[in-house]
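See below for the structure under consideration.
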Amino acid sequence: MPSIVLPPKPTALQKPHINLAVVGHVDNGKSTLVGRLLYETGYVDEKAFKEIEEMAKKMGKEDFAFAWILDRFKEERERGVTIEATHVGFETQKLFITIIDLPGHRDFVKNMIVGASQADAALFVISARPGEFETAIGPQGQGREHLFLIRTLGIQQLVVAVNKMDAVNYDQKRYEQVKAEVSKLLKLLGYDPSKIHFVPVSAIKGDNVRTKSPNTPWYQGPTLLEVLDTFQPPPRPTDKPLRMPIQDVFSITGAGTVVVGRVETGVLKVGDKVVIVPPAKVGDVRSIETHHMKLEQAQPGDNVGVNVRGINKEDVKRGDVLGKVDNIPTVAEEIVARIVVLWHPTAIGPGYAPVMHIHTATVPVQIVELVSKLDPRTGQAVEQKPQFIKQGDVAIVKIKPLKPVVAEKFSDFPPLGRFALRDMGRTIAAGQILEVKPAQVQIK
């Protein structure tokens, strides 16, 4: 049985690569739109999709067929049918676009902040249907939360898909109303709405996704795929020291220890002498693989499996970081960070102990000091040593990890310098590290 989502075609691997986050409130059509994009770009197995369509028809749920592409893919992944295909992707004329952390995941907010694949751009999906739209950008709406989040992450490239236009009879007035409301929110967050494309689409019917729709003669702009095609791939920092957070560790018979992760900065070559910290274990790189292809070297953005000689599986875990012996990743004794409080029922003071999610690591921490409270618009300090901070506040804080963890300054290594704080099953804050006080590391 072929996988429902096809692997990258040879043409795709020659194109510049972008990681796209698909964000928006539940039930606004994210999964359907992703399914539609994959289908329109030829990345869905026809035979497998026909089965899904027939099943949806039988159950009287024809509208679900495109969303079910992702459900089927997730099932395959959980059953281990497609181990390396944790991401799905599609091609535009100029780019190969990977969709990171498929929508609907319960840890989506956390994964957005510290996902192994950091987003270079975002597709914001908002429903035009009355009620759904108002909920999504209301005070408790995930749509609103996700927009705050992509702003906090510094994602500049954004497209807004105003979805479910078929449900409002392709009404231009409703589209303009949604556009005006979302623009207001974007402006508040410091985006320039005039530079952001809004596209009226129907994920179910396919309007304005790949081809211009006759149902929206009033819309003269580009299709969704045309907008995505204008996104710029970020510079990949090959000149920085090597940092590769570890997502997984395997012991493979006859090969030894294989660590899996994404190279965030620097270059990893076969034969390199590497160190994995916090455990401070040293080894040699025997081979590097991606998508079942052997590589001589891996660069930023590459998701790879690395066969390391001299390190045992028991010594390494998810959340450790691989670097080179001549530039060891920093294990943090204490960090100073700027945080945005996204959600908290009361207030946060010194002594508060949430869990920090940083790159692929999860570690208990304690906020030991509130240094200052900032004006969110200017970044200037408005209060020194506040007694507490609450939802919506931006502050500089000192944080002490209660277990060893690698953390770097955001300005040096962005993917290892941004984090989420979680508590009570929710994301409490998103932050960027300004200073790191390093712990002593003895190489073994």
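Each residue, glycine too, has its Cβ placed from N, Cα and C.
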Have a look at 15-18, 163-166, 215-218, 343-346 and point to the one annotated region 'G4' in Swiss-Prot. 163-166
24-31, 40-47, 296-303 - the range that Swiss-Prot marks as region 'G1': 24-31
If I go by Swiss-Prot, the feature region 'G3' sits on one of 101-104, 253-256, 437-440. Which? 101-104
Neighbour count (Cβ, 10 Å) for ASP27 (GTP binding site): 16
How many whole Å apart are the CA atoms of MET165 (GTP binding site) and SER31 (Mg(2+) binding site)? 16
Rounded mean pLDDT within the domain 'tr-type G' (15-236) lands at 85
Taking DSSP H, G, I as helix and E, B as strand, the region 'G1' (24-31) contains 2 helix, 0 strand, 6 coil
